[in-house]
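Lifted from Swiss-Prot, the feature list:
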MOD_RES   S2  N-acetylserine
ZN_FING   4-21  zinc finger
MOD_RES   K8  N6-acetyllysine
MOD_RES   R25  omega-N-methylarginine
REGION    25-33  region 'RNA-binding Arg/Gly-rich region (RGG-box)'
MOD_RES   R27  omega-N-methylarginine
MOD_RES   S42  phosphoserine
ZN_FING   45-62  zinc finger
ZN_FING   65-82  zinc finger
MOD_RES   R72  omega-N-methylarginine
ZN_FING   89-106  zinc finger
ZN_FING   110-127  zinc finger
ZN_FING   128-145  zinc finger
ZN_FING   149-166  zinc finger
Amino acid sequence: MSSNECFKCGRSGHWARECPTGGGRGRGMRSRGRGFQFVSSSLPDICYRCGESGHLAKDCDLQEDACYNCGRGGHIAKDCKEPKREREQCCYNCGKPGHLARDCDHADEQKCYSCGEFGHIQKDCTKVKCYRCGETGHVAINCSKTSEVNCYRCGESGHLARECTIEATA
């Protein structure tokens, strides 16, 4: 993802805080190496060109992008001279305003990012998963499986940089 793309929807022309997809949750198209890709069918399609819901930019009649703050063309929201329009924060789970995901009444629709099951979120998950071996029931620090570790300081295997006896060069 480039630095001029929105972290919520992955589109350029605005920042995440001005994203027309709404409050805290984006579409999560890019996982940035963390293994998470969220796409919700419960959220309406919002055009990043005009900021209206019900269609995507590829189907928009506008020829140029509109500012998400004032709705006029010729500039983007971060450069808008109008006062910033406040957007109500929405639940990450259902997309509705007025509550946070942890307080959402739609708990049966919540999907855990760790185990993939519905009915709870990651912080409440009882099935911890080790990122080293991929097994459930323990975390990496308690993993009995040995893995080849490499030192970032000297490049040798078998130890970490904090255990390296080679002097660091600046």
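Placement of Cβ uses the backbone N, Cα and C atoms for every residue, glycine included.
With DSSP classes pooled into helix, strand and coil, the tally for the zinc finger (89-106) is 3 helix, 2 strand, 13 coil.
Here the residue listed as 'N6-acetyllysine' is positioned 22 angstrom away from R72 (omega-N-methylarginine), judged by their C-alpha atoms. K8 (N6-acetyllysine) has a Cβ environment of 22 other Cβ atoms inside 10 Å. According to DSSP, the secondary structure content of the zinc finger (128-145) in residues is 3 helix, 2 strand, 13 coil. Other Cβ atoms within 10 Å of the Cβ of R72 (omega-N-methylarginine) number 10 in total over all chains. Looking at the zinc finger (65-82) alone, the prediction's average pLDDT is 82. Reduced to three states, the DSSP call for R72 (omega-N-methylarginine) is coil.
Taking DSSP states H, G and I as helix and E and B as strand, the zinc finger (149-166) has 3 helix, 2 strand, 13 coil.
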